[in-house]
Structure formats: C-alpha cells, structure tokens
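Over in TrEMBL, the protein carries these features:
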- A:16-172: domain 'FeoB-type G' (DOMAIN)
- A:23-30, A:48-52, A:65-68, A:123-126: GTP binding site (BINDING)
- A:Asn34, A:Ala35, A:Thr37, A:Gly38: Mg(2+) binding site (BINDING)
- A:255-275: transmembrane segment (TRANSMEM)
- A:295-318: transmembrane segment (TRANSMEM)
- A:330-350: transmembrane segment (TRANSMEM)
- A:370-392: transmembrane segment (TRANSMEM)
- A:404-428: transmembrane segment (TRANSMEM)
- A:434-453: transmembrane segment (TRANSMEM)
- A:490-510: transmembrane segment (TRANSMEM)
- A:568-588: transmembrane segment (TRANSMEM)
- A:597-618: transmembrane segment (TRANSMEM)
Amino acid sequence: MSSCHNIISLDIPYDGKKLVLVGNPNVGKSVFFNALTGIYVDVSNFPGTTVDISSGKYNDLYVMDTPGVYGVSSFNDEERVARDVILNADMILNVVDAVHLERDLFLTQQIIDMGIPMIIALNMMDEVERNGLSIDVDKLSKELGVPVIPTTATKKQGIHIIKTSLHKACTGNKIKGIDNLLDEVIDKVSVKSEALLVLEEDENVCSRNNLENKYNYREHIYKIRRERVDNLVKDTVSETNEGASFRTKLGRYMLRPLTGIPILCLSLYITYQLIGVFVAQTIVGITEEVIMGEYYYNFIMNLMGNFVSETSFMGLLLIGEFGILTMAPIYLLGLLLPLVVGFYFILSIMEDSGYLPRIAALTDRVLTSLGLNGRAIIPMILGFGCVTMATITTRLLGSKRERFIATMLLGLAIPCSAQLGVIVGLIAPLGGKMVMLYSMTILGVFVITGTILNKIMPGESTDLLIDLPPIRFPILQNVLRKTYIKSKQFLLEAGPLFVLGAIIITVLQYTGALEVITNSVAPITEGVLKLPKETAQTFIMGIIRRDFGAAGLNTLSEAGLLTPLQTVISLVTITLFVPCIAAIMVVFKERSMSESALIWIGSFVISFLTGGLLAQIML
Amino acid sequence: MNLDYANKGQIVEIINIPDASIRAQAIRLGIYKGVKLLCSEKLPAGPVILQNRMQEIAIGRNLAKKISIKTIV
C-alpha cells in the first residue's frame, strides 16, 4: 500500500489509484465489486463475519472492498480494517441503501467530512417505491455535493452509469463548523483524511500520528452530523403511504417469541435435516468412505508403500492410522469439508436474508443470563456443525469476557455434527427416557456453567445494540460465493492443525505414551464412572477426533459391554469432554495460554464430575 | 423513566444514554438525545425494538434499563 501506514498489505503499486467500496452491511456492495472487477468476493451482512478485504482491478483503478460498517471508527475489528482502507483511498464508491437513508448517510457524510472524493450509488431503488417512499435524487446530490446515481444492482440497473461516471467523483459539502477544527490538526497528521478521525477521538489514529487523544470532539461532531443527515432525509425523502409489506410482517413474526421460537425451531430442524442427515450421512458416506476412504486411501497406500514400510516410524507418520497423508486428508476433505460447506451455505442464507440479527434479538434474553448476548447465538449454532470453526467466530463477540464464556461453553457442551451423528445413532434405540436423560444433562451443564461463569467472572458483558436489516430473499450467487470463500478459509486455517495433530498422535502412539495414558486413566473409568476399562481408550480417541470416541463406544455397545445407562454416562462424558484436537489447537490460537489451559482442564473436570455424579446416582 | 418501561406502539424521546461508547455507536444508528422514535416491538424480558421510519434497532433489555426517555404518545 502506498501510505506509510502499511496495515493491510495488498499488491498495489505506490502510484496506483485506489477506488474503495464503502457501505453499511447488506447494501449490495459486492455486486458492484463483481461488476467492476469480475472476481469472486465475500459478501456479508452480519457484523463480525467479514474482516477480509477483496481487491481487483478496473481499468487503471485498484478496486478494494471493505466490510460493511456503520461509520469510520474503531469499535470493532471490521471497523478498524475498513477505516484503514478508507483512509488510504483515492476515491470512494459509497453504496447506499435507498430505503435506509437515515442510517446509511451517516457514513456517507463522515467520509465527505474526511475530504475524500466520492460518488454515490443509491442502491435498491426498486424497493423505494414498494415501501411507499419517493426520493428527490437531484436535491440529495446537490445537498451532499457529490454525484448520486440511482441503481438496482441485483437487476443490473444503473451499474453501467456508475462505471462511466467514476471520473466525476468529487469532495462534497462538509458539515458546518468543522473546517476550523480540522485546521487545528491537519498539519499534525501524515494523511490528510486522518485529521477528522483525530478530532473524533480514534485512539489508533491518534497514537500512530503521535498525538494525544485530547480533542474530545467526537460527540459534538457526531451530533451535528446526525442532525444534518436527519434534515437531509427530511428534505429529500417523502413517504407516499404506509409500506407494511409481507416481509415487514415476517420480520416481526421472527422476533416475537410466540411465532419466533417455532420459526427458529423449524429453521434448525431444516438445518439438521440438511446438515445432520443429508450431508453428514449421505454425502459424507460417499466422500469419506468411498472417495477418500477407498479410492484415495488405496491410491496413497500403493504410492507410498513403494517408499516406506508401513510399520516404520516414517511409515506411521505418513500413512499410519493417524498419518499425515491418511487420517489428516481423509478427515479434513472427506468428513469435514462437506459439513463445513453445508453449514456455511445455511449460514450465508440466514445472513443474507436478514434472519440472523433477528435470531440474535430473539435469543438475547436467554443468553444474557449466561453472560453473553444475542450475538453469541452465531458461534453456538455453528458449533453444532464444527466446534473448531465456531471457536474462530467467537471473535465477533464484544468483550474478552464474552469470548471466554462462549469458547468454554462451545468446547464443553456443544457436540459437533460428526459426533452428533454417532450419538444419535447410539442413543435413539435406547428409548425416549435415555434420550431425555442425555439431553437434559448436557443442557443442564450448559446452563449451569454459563450462569456460574457469568457470576464469578469479573466485569460485565456488553449489551445488545443491533441493526435489524429488512428481510430479503437471498441471491443464490452471493450465497454460493460466500460459502466458497468461507470454506476455503476454513481449510486453510484448519489444514495445518490437522497435520500437526497427526504428528502428535503418531509420536504418542509410537513411543507407547498413548498406552501409558490409557492405563493411567483406567482407575477413573472403572472407579468413578463405573464403566468397563476399555472405555478409557475410547476417551483418548475422543480427544483426537470426537466422533472416533463416540464410534469407539458404538463398538463397545455392540459387543454388549455397555448397558443402556452406561452408554448414556459414557456419551455424556465424551460430549462434555474436551473437544477434538483441532478445536483444542484453535482455542490455544484464539485465546491466551492461561485461558486455554483453564478451558481445557475445566472441561476435563466438569465432564468426569458430571459423568461420575450420574454414575453414582443412577448405577 | 427508562426505555425498558416503554410500551409497544409508544413514541419515545431519548433523554440520556449514560455510556460514552454506546452513545457514539447509537448515534450512528440514529438513536441520540432528543430524537423521537417508535417502540415497535418489545420482547418479553428481552430486547426493545426502536423504529425510525424504515430503520429498526434491537436494544438489549439491560441497555434499555440505562437509557432514559420521555414518552410522547
């Protein structure tokens, strides 16, 4: 990047002219990005799920996308990323949702106040009329002092005009009374556009310009900007009628508990059917067992068999039971990838339709008592797909405290889909009573742990303050693109961890440490949990791969070694048990050393305590 | 009175938001001292939904308890 603040490194030459796309979440920016650059890009409308910057070229312009933000500042990661890209822009294409001008123009006016040349795409014009509104576009353009072009990007209307009008981008009309304030600091900053953010008390911008954060103008400036925007909207937008369409009503139904909870249950049921049944059983049956388990396995064994002996250390490391070329790719590509793709597909639909923020509002009350807020529902839902990727998404939570609680609950009480499949298979035949015993125990531990953590952890969790975007029908192309990008990212993040995991296990096995551990745990297994000694091996396997553990129980159960109650106890223990090795490693990557150790040891203690308690009461 | 006492269908005027960081974030979403908004929905013991024209914002109940308001209608 051409500036001295090399925060996001992209291959853009020093003299390259940068066109940056900016807008609130879910305004259709990515459609413009694609139309300009023709390359794949991530789209997201929920705060916290996009922190990546996509870039491409349009003629001689370097086009960069930014995460959807409500303003240029640093309240969270996306905002900090967006801020730094915006600060270094040569020109801005601001995509604005025409139906939500009072929300979107705050950001618009802020960038105008920064003094960066701008052109506005007034998007979703098709919804303006449908919502009973009418907008005086010429007046809006004149008032703001920058070109405003009406578009409906999803129908490709107006995009061509945007392309031919880019050269008309200009600096607009700043809010009254800030010029003299800007003069105070303009000589003290390295990039001119940063002057405004110094006045607005942006800590990062102040510190990198070696300025004290002493100006205290944020509220003053925000206030006059907000008044200006509200007046602008009053002068240019008129309401022609009440626009309570079906979608508005649907949005309400999703919020109200009486209708919202059944809608949520239905959505989760459909998700389960698609991920837990169709993908986890049918698709994975083909990808893991046939494609990877047979074709790939045979191929790699034949190939490698020529070079290494299967029983040597190198052989074990590469093509052994937990080999880098056997277990790691089979597990990652055959089992996890289809599940991850399925989950991101559903999640993208929930995001793009505007449903996700409503689930967050609906579940806020329940999650507040666990020290979280409604936003935490996202990692929790994701956890049923894969705890590893869910742990990564805890980044979207507001405070360190919440991220710790969410990670703990995820690692402890959320069974991932791979494990869930085996658990359902094992427990369903045992009858309703056993199913209830299992689910109530897990749910109880989840609630009790969250409540206790909320009580004993210092500080307070952040409160929910969230924009509810209109309900929209998601565009398939965008959903597929997002699924593709997220899945790819997941593979890139998780891949190396699996290889590392394979190495660790092989070493443990080769050195005999695995057996030593198995034997040393046996007294707990037999004494506390009242389970046969063989289950210890199963538990160790559970750390490597959660469903390995559950699958091991399946074998024991089939061999008649476990009574129904013992099955439930072992399942409870293995569910609450530390998550798989990939999840453990991600936890260590995301949290601090001490927090991770606490989560790990805590899960151990709670799982054996709960299993033990259940065993003492029931057996 | 505070926002958690607002009823569905009431127009409320925001009087004060105590936390500076929340105040700055809320103003960007159109919630600030002096603005009049519709309480369009109130979930049982859960978030209060404020509406300004087409824009809806969900505010957690704990936060709503800290925001002082005046009812207009």
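Backbone N, Cα and C define each Cβ position, glycine as well.
Cα of A:Gly38 (Mg(2+) binding site) to Cα of A:Met124 (GTP binding site): a distance of 21 Å. Beyond the transmembrane segment (A:330-350), the same-chain residues lying 6 or more positions past its ends with a Cβ under 8 Å from any Cβ of the stretch are 267, 271, 274-275, 278-280, 283-284, 287-289, 291-293, 296-297, 356, 359, 378, 381-382, 385-386, 389, 417-418, 474, 478-480, 482-483, 486-487, 490-491, 494-495, 498, 545, 547. All protein chains included, A:Lys29 (GTP binding site) registers 26 other Cβ atoms within 10 Å of its own Cβ.
Taking every protein chain shown into account, A:Gly23, A:Gly38, A:Pro67 are the binding-site residues, and of these the Cβ with the most other Cβ atoms within 10 Å belongs to A:Gly23. Between the CA atoms of A:Asn26 (GTP binding site) and A:Asn34 (Mg(2+) binding site) there is a gap of 15 Å, rounded to the nearest whole number. For the pair A:Thr37 (Mg(2+) binding site) and A:Met124 (GTP binding site), the C-alpha distance works out to 21 angstrom. Ranked by Cβ pairs under 8 Å to the transmembrane segment (A:370-392), the stretches A:295-318, A:434-453, A:490-510, A:568-588 are led by A:568-588. Using the rule of three or more Cβ pairs under 8 Å, pairs at least 6 apart in sequence, the transmembrane segment (A:434-453) is not in contact with the transmembrane segment (A:490-510). Under the DSSP three-state reduction, A:Lys29 (GTP binding site) is assigned to helix. Listed in sequence order, the residues of the same chain lying 6 or more apart from A:Met124 (GTP binding site) and placing their CB within less than 8 Å of its CB are A:Val27, A:Gly28, A:Asp97, A:Ala98, A:Val99, A:Thr152, A:Ala153.
Within its own chain, A:Ala35 (Mg(2+) binding site) has A:Ala153, A:Lys156, A:Ile159, A:Lys163 as residues 6 or more apart in sequence whose C-beta sits under 8 angstroms from its own.
When secondary structure is read from DSSP and collapsed to three states, A:Gly38 (Mg(2+) binding site) falls in the coil class. Rounded to a whole value, the Cα-Cα separation of A:Pro67 (GTP binding site) and A:Asn34 (Mg(2+) binding site) is 15 Å. Confidence in the domain 'FeoB-type G' (A:16-172), given as mean pLDDT, stands at 87. Classification of A:Pro67 (GTP binding site) by DSSP places it in coil, neither helical nor stranded. Cβ neighbours within 10 Å of A:Thr37 (Mg(2+) binding site), excluding its own Cβ and spanning all shown chains: 21.
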